[in-house]
Every structure is written in structure tokens, then in C-alpha cells.
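What TrEMBL annotates here:
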- 4-164: domain 'Phosphotyrosine protein phosphatase I' (DOMAIN)
- Cys10: active site, nucleophile (ACT_SITE)
- Arg16: active site (ACT_SITE)
- Asp138: active site, proton donor (ACT_SITE)
Amino acid sequence: MQPVSVLFVCLGNICRSPMAEGVFQHIAKPKHGPHHPLINQIDSCGTGAYHIGDGPDSRTMSTLADNGIKSYKHRARKFSTSDFTTFDYIMAMDDDNADHLVRLRKRLLKQNNLEDHELGRVMLFGEFGGRKGEEIADPYYGARNGFEIAYEQVVRMTNGFLKTLEKEAAAAETAASGEKSGL
């Protein structure tokens, strides 16, 4: 299995998606090399252009720091249609952003006569947290505890997603070794 690229998406790219990116980088980082062997690129962005160029919300950064993630750096950016060809997995933090991305993806497929496999897969990141359809609520207008809840969710979802990738890689390896031995 080839290493995959992962993009995390929320609305403004200053709270949830940078938190997901920071946590994912931290958990997926092996002792040697920049990423987990199954990961080749990690990024985050927003569907809205509200905070382009801004750093993450201070509550995002303090929550990450409180959990040992102190070297994370990021500047907000808006989702671009080129992200569909750059990233294998496009992880939305909630249903609204997922719906927006799915509509944009369908339009791009139709306009450019592309096959489904030619563009990254849009998914709800919560599908990997063990609770079907789980969303990460936007903590921006709330108190600090909303960021702590989002952090816990992101850790759980990151671990679930990495386990899924590891299972897929093991299955691909088993299939490849079966083909080599003539089974």
C-alpha cells in the first residue's frame, strides 16, 4: 500500500482542523522520519475564507500545548479544488463541511469528466472515532472546555483512522504475498 495524504477541513481553519492536523502529526510521527510509514502528507484548511493567513485560535494552541504538542505551526488557508487531487483523504469535521465538499467534488467530477478514483475521498472524520456519524462541534464561540472535548475526539478519531490504514496495509500485503506465491 502506498503512503496516503490526509487533509483535515473545518469552516475557518483556526480551531478544529488545525487541532486535528497537529494531533495527527504528533500521533503519526514515528521515531525516525517525518510521518508514519503509511502517511506522506498532512495538512488542514477551511471551507470559508474568514481567517486566511491567521494562526490557530489561542485556545487550540494552548490545548495542544497542554497535551505535549508544542512545536505545531500553521497558517489558515481556504480549501482549493486542487486539494481533491493532492489528498487521498479529505476529512471533514462536521456534516455541513462534508456536504459542502461532497457537492464541490461532484461538480468537479462532472465538469472535468473525471473518474471517482481520480479525486480524494471526502469523509466525516468522526466515522473513525467509534461512534457512527460523530461530528466535532465548533468550539469557537464557547468556553475552553469545548477545545478539550474536541481534542479528546480528535485523538480517538486519529487512532481509529490509523488502525484502519494499518488493517488495509496488512490486507494489501497479504494479498500481494498470496499473488507472489501463486495462491
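Numbers run from 1 along the shown chain.
Positions of Cβ are set from backbone N, Cα and C atoms, glycine also.
Feature annotations (TrEMBL) mapped to structure.
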residue	record	Cβ neighbours (10 Å)
Cys10	active site, nucleophile	30
Arg16	active site	35
Asp138	active site, proton donor	18
Review point. Roughly how many angstrom lie between the C-alpha atoms of the residue listed as 'active site, proton donor' and the residue listed as 'active site, nucleophile'?
Key: 8
Revision key, fill the gap. Quick note, Cys10 (active site, nucleophile) and Arg16 (active site): C-alpha atoms separated, nearest Å, by 6
Study note, to complete from the structure: Taking every residue in the domain 'Phosphotyrosine protein phosphatase I' (4-164), the average pLDDT works out to 94
